[in-house]
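Novice: Below is one structure. I have some questions about it.
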């Protein structure tokens, strides 16, 4: 996260100048190299260094958000960015499976992997190698990806039907490049959107941290006494349902509701949802499983919908030649907030454990109340005078 925060804006500028594909390919090659070296780490500092270098060279996230909105027609921009967000759902399913089944292969599958082999000496090399192979497949797939950074004259765009198909999806009212990258900081529709985006990102990251801690903690402390495998099952089910939601349901919702109105509605629905979590330890058996899986799916779908909407609004707030830089700036600020969130969430959770008999907000009631505080702050910032939407600031 620290490495990504340091270089995301730089990679965005590079993508705006030289194209989206060079940054994408560079990131994939860094994954192939440094993820493999991470699996071969023989010391803590080697592991830390390889992860840090991977973060520094992972410039893909910002440019890919710009690419997703440029590679399709305007009417499909919501679906394109929702598919980007769906990668999180896929990761929740595939990631734990790769790590869980392939780590320490010599112990789990002695008939296939010898203790004296490289997989016996480096216990986590096999899952890292699998990720690197997936990255190699992605590099090969890049040969079929079109470059979307085009700088056409008006006549060319009018006369060429091919170029018209590749016309960027952003609003025609998007602010122009102005004085370059520095103009992003004076673009208030963009900066207000990024600020609210970061608040909701902090809440989402804090929730992810709290959820696992709360689920595995003992029932006498207001938790569910789940095992790590139980938590993984809940997350995997949520991830699968989230993927279905993003592909089939979200585009219908997005096309029928104004984006910022959708964010406000989700924030209002999130408040009672989070407030219900402290009461779940009173349930048990299949009723608990059903309630928890439904709540987890709703919370994750709310979060992904909110992030997708803000990605669309950020792309709409700038012209194409600054779009990757704008997304790089948002990734930098988001990474900082996501670095802070787990620490803040952990401190609040520890404090709540010592307040089991408090007269006001006892135990985990305090934790989910604080999550709702961030939700309310984000909701309030979606209104004027703080929030300004490009071309439609009255929304």
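Each residue, glycine too, has its Cβ placed from N, Cα and C.
OK, TrEMBL features for this one:
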- 1-390: domain 'Major facilitator superfamily (MFS) profile' (DOMAIN)
- 21-38: transmembrane segment (TRANSMEM)
- 79-102: transmembrane segment (TRANSMEM)
- 122-145: transmembrane segment (TRANSMEM)
- 194-214: transmembrane segment (TRANSMEM)
- 234-253: transmembrane segment (TRANSMEM)
- 265-284: transmembrane segment (TRANSMEM)
- 326-353: transmembrane segment (TRANSMEM)
- 365-383: transmembrane segment (TRANSMEM)
Novice: Over the domain 'Major facilitator superfamily (MFS) profile' (1-390), work out the mean pLDDT and round it to an integer.
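Specialist: The predicted confidence over the domain 'Major facilitator superfamily (MFS) profile' (1-390), as a mean pLDDT, is 83.
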Novice: So which of 21-38, 122-145, 265-284, 326-353, 365-383 has the most C-beta pairs under 8 Å when paired with the transmembrane segment (194-214)?
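Specialist: Of the candidates 21-38, 122-145, 265-284, 326-353, 365-383, 326-353 scores highest.
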Novice: Using Cβ atoms only, state whether the transmembrane segment (326-353) and the transmembrane segment (265-284) have three or more pairs under 8 Å that are 6 or more apart in sequence.
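Specialist: No, the transmembrane segment (326-353) does not contact the transmembrane segment (265-284).
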Novice: For the transmembrane segment (265-284), could you work out the same-chain residues 6 or more beyond its ends whose Cβ comes under 8 Å from its Cβ atoms?
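Specialist: Distant contacts of the transmembrane segment (265-284): 207, 214, 219, 222-224, 257, 291-292, 295, 298-299, 302, 305-306, 363-365, 367-369, 371-372, 375-376, 378-379, 382.
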Novice: Any residues 6+ beyond the ends of the transmembrane segment (365-383) with a Cβ under 8 Å from its own?
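Specialist: Contacts with the transmembrane segment (365-383): 192, 195-196, 199-200, 202-203, 206-207, 210, 214, 222, 260, 263-264, 267-268, 270-271, 274-275, 277-278, 345, 348-349, 351-352, 355, 358.
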